[in-house]
């Protein structure tokens, strides 16, 4: 009798366990926060064709624990403009659990295009299903070849442009250069081809970048206006949560980033995050942001305002937004 009982026990062990596994419902998965804003971790890469065709391997939870996920080409890019507030926007966006972004500027579509899309994709962070991959390189907006190249990668790419009063932007641009090269000529002397005649030197990049309407015309040859979001650099300072709300809507994200994430730093003169990601401490942009501008001759400032006015008006018409620069 003992022998018969032992035989029945061992015979049933494997099959009964299998039936139990098939017949019992799996326990519910715990809801875990997705890891945002980490730069791309090293790892093996599938080919570009395989990446496009194959879904992520494993469940989202196993991907989370194993640090896997998939490197994807960006679905959204902050394309400009320099000294407009692009770094602030990117850092604010990286608070969102469904946004993963490259920290450094890849400069793929202006300086490194010959390296190919596989190289570009390898720079991206790994993402889980439902997360958005992003990068920002402000010089794309003024690079003639960039619109065609991005369109060639994906015609559905969402584009974000952070714009700022072009006069203030030009002075900020000059201030940054001055901090690196203290012996450069004055802002006033660089602004004019001939100060006596008042002819503005549009070949100087600090001036040329601010002619937004001219650059936008090039982008509209490849992308519809509805695929480009224009963020006000001024409102990004005065109402960061409001501007981030618009950006989250544009990207199809739930509005998670709100007023509760920000406080205004009076010393720097712009908003900061109450907590850095993965830390309990507040986080402000570095010392290279919020530099004190040099005093500029007000006559020169007024000449520049007069110069930019018609371009600004055209830009307002093209975008359907009045940014209030004058």
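Glycine too: its Cβ is placed from the backbone N, Cα and C atoms.
The annotation signal peptide is assigned in TrEMBL to 1-18. Residues or ranges marked as region 'Disordered' in TrEMBL: 31-67. Sequence annotations record features per position, and here TrEMBL assigns compositional bias 'Low complexity' to 31-41. Annotation comment: TrEMBL describes 74-309 as domain 'Sulfotransferase'. Feature annotation from TrEMBL assigns 3'-phosphoadenylyl sulfate binding site to 83, 84, 85, 86, 87, 164, 172, 289, 290, 291, 292, 293. The annotation active site, for sulfotransferase activity is assigned in TrEMBL to 83. Annotated disulfide bond per TrEMBL: 272-284, in sequence order.
Taking each of the binding-site residues 172, 292 in turn and counting other Cβ atoms within 10 Å of its Cβ gives the largest count for 172. Taking 85, 87, 172, 292 as the binding-site residues under consideration, the smallest Cα distance to residue 284 (disulfide bond) is found for 87. Here the Cα atom of residue 83 (3'-phosphoadenylyl sulfate binding site) is found 17 Å from that of residue 272 (disulfide bond).
Confidence in the domain 'Sulfotransferase' (74-309), given as mean pLDDT, stands at 92.
The sparsest Cβ neighbourhood within 10 Å, among the listed binding-site residues (83, 87), is found at 87.
In terms of local Cβ density within 10 Å, 272 ranks first among the disulfide-bonded residues 272, 284. Across the structure, residue 172 (3'-phosphoadenylyl sulfate binding site) and residue 272 (disulfide bond) are spaced 19 Å apart at their Cα atoms.
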